[in-house]
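**Q** Features from TrEMBL:
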type	residues	note
TRANSMEM	6-27	transmembrane segment
TRANSMEM	48-68	transmembrane segment
TRANSMEM	80-103	transmembrane segment
TRANSMEM	129-157	transmembrane segment
TRANSMEM	163-182	transmembrane segment
TRANSMEM	189-207	transmembrane segment
TRANSMEM	237-257	transmembrane segment
TRANSMEM	269-298	transmembrane segment
TRANSMEM	318-344	transmembrane segment
TRANSMEM	377-399	transmembrane segment
TRANSMEM	405-427	transmembrane segment
TRANSMEM	439-462	transmembrane segment
């Protein structure tokens, strides 16, 4: 491959610009947050992210390199086409549903991370269990992005893939390390602007290339390959629906999303940001769809790319940078290729920050070091940002099936965390026993369904399964959605069953080894019955109990707060983490 000097210059320019913006944002906000809540400022940006920056950063969390490259690839590949490009509609609906039903209760209760309500209701053990699929999703997603970035740069210039991955990861980790959410948010603004401008500038030039046939014609007629509009075979309709629900509902319970929600100045702003991001996702998908259509409408033997075409060379996943490089003038591809390469980091940095935020707060602070100082938490976050960034980079370099691992982990987020989030926010009466049972049932059903990307053969063969040309078992049945629903109903059923058995006396209180029913019920009602005698008596004056450790509130609370504790307390209680 010829060395592409313009591409190298573009990448260097945009990488330096991204790094400069990240460092500037860190310097601009270095004094944000009082002496006692600097860690919260890093995680949720002091809860003062405005509509403009918030809308950009929430959109950029989804619209990264994987989003635009994947959309263009789906449209280009003959077996799929636009009909299978589900990400734009799926993620947009996910953001709308998140804004309508999840953003307000999460933001109004003042949570700091997505795992806070789980630890508040189910205790620290369950919070630790839910941290596992959440961490896997964030880490494998970041690794997949870095891996795709290395492949993208290898298309642009003849440079070692490993070097490009390492440099990209270092830059993303560096500005995330120094500035937290502020740096991530401000760099997202630049990255999203670059994607929008770079792609829309490139589209008319690519369409006007002599080797490109009218995309309106190739949309419905076979010219160089099957029409790029695509179609859904009747046998694949359930697979399509299963994937669509996974994108729509499984796109909600991610820390990267709730980090933006919780950084908003109000619950209403959090909802508006979700709706703005939904619109942004649709708008940003349009040029990616058109570039995929252009790739399907090109006679590649009439271009410098030559023969065979990208899909025959197994480079269909790189169709977007290939179109920009070979169908656009040099000065256009200069901007487009550099923007795409730099923009790939817009999702990776969010994943790294999300993983470190959950670990520092929900695992280190709330589970092991409740008395940890704010300075200590900040340093834990910095160390974990480095560790998680290095881990994602290592996986991108060493793992042969990074995308397979991410598909599996994203399935676990959909199957395990989403039904748990529904229960913790909207179903009263669920407890730790139901949460653990739902967790295990969902996990077992997903693993036993197999995963072709990881060559994991299924143990349960659902109706409609078949073997492909590589002797891999493919499930047509929507078993992922079945596993999610099973996890949800198992949580509710086991929770109410445990509550009935303990409260009716069928099971003795000593068997409540998780303190999820008897101890919790007795503690809450004893405190309320006692406190009702005086509005001015605080809890720590009545009985020696463990105080609540909080970043923003005092360690004791009054009678009124005790009455509202279960439903509206914004902090986590140590007394529930037994």
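Residue positions begin at 1 at the first shown residue.
In case you wondered, yes, glycine gets a Cβ from its N, Cα and C as well.
Help me picture these features in the structure, burial and contacts included.
**A** Same-chain residues lying 6 or more positions outside the transmembrane segment (48-68) and placing a CB less than 8 Å from one of its CB atoms are 87, 91, 95, 141, 144-145, 148-149, 152, 181, 184-186, 188-189, 191-193, 195, 199, 251, 256-257, 260, 263-265, 269, 272-274, 276-277, 280-281, 284-285, 287-288, 320, 340-341, 343-348, 350.
Here the transmembrane segment (129-157) has long-range neighbours at 1, 3-5, 7-8, 10-11, 64-66, 69, 114-115, 118, 164-165, 168-169, 253-256, 315, 317-318, 321-322, 325, 337, 340-341, 344-345, 347-348, 351-352, 354-355, 358-359, 362-363, 388-389, 391-393, 395-396, 399, 402-403, 405-406, 408-410, 412-413, 416-417, 420, 436, 439, meaning same-chain residues at least 6 beyond its ends whose C-beta is under 8 angstroms from one of its own.
Counting only same-chain residues 6+ beyond the ends of the transmembrane segment (163-182), those with a CB under 8 A from a CB of the stretch are 15, 18-19, 21-23, 25-26, 28-29, 32, 41-45, 49, 146-147, 149-150, 153-154, 259, 263, 341, 344-345, 348-349, 352-353, 381-382, 385-386, 389-390, 392-393, 396-397.
Remote same-chain partners of the transmembrane segment (237-257), defined as residues 6 or more beyond its termini with a Cβ less than 8 Å from a stretch Cβ, comprise 58, 61-62, 84, 86-87, 89-91, 93-95, 97-98, 102, 113-115, 134, 137-138, 347, 350-351, 353-355, 357-358, 410-411, 413-415, 417-418, 420-421, 464, 475-481, 484.
Here the transmembrane segment (269-298) has long-range neighbours at 51, 54-56, 58-59, 61-63, 67-69, 71-76, 78, 82, 85, 87-89, 91-93, 95-96, 98-100, 103-104, 106-107, 192, 195-196, 199-200, 202-203, 206-207, 209, 211-215, 217-219, 223-225, 228, 260-262, 309-310, 319-320, 322-324, 327, meaning same-chain residues at least 6 beyond its ends whose C-beta is under 8 angstroms from one of its own.
Taking Cβ pairs closer than 8 Å, the transmembrane segment (405-427) reaches residues 102, 105-106, 114, 117-118, 121-122, 130, 133-134, 136-137, 139-141, 143-144, 245-246, 249-250, 252-254, 395, 399, 434-435, 438-439, 442-443, 445-446, 451, 453-454, 456, 480, 483-485, 487-488, 491-492, 495 in its own chain, all 6 or more past its ends.
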**Q** The transmembrane segment (189-207) and the transmembrane segment (6-27): do they have three or more Cβ pairs under 8 Å, with pairs 6 or more apart in sequence?
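**A** The transmembrane segment (189-207) and the transmembrane segment (6-27): touching, yes.
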**Q** Which bits of the chain, at least 6 residues beyond where the transmembrane segment (439-462) starts or stops, bring a Cβ under 8 A of a Cβ in it?
**A** 126, 129-130, 401, 403-405, 407-408, 411-412, 415-416, 419-420, 468, 472-477, 479-480, 482-484, 486-487, 490
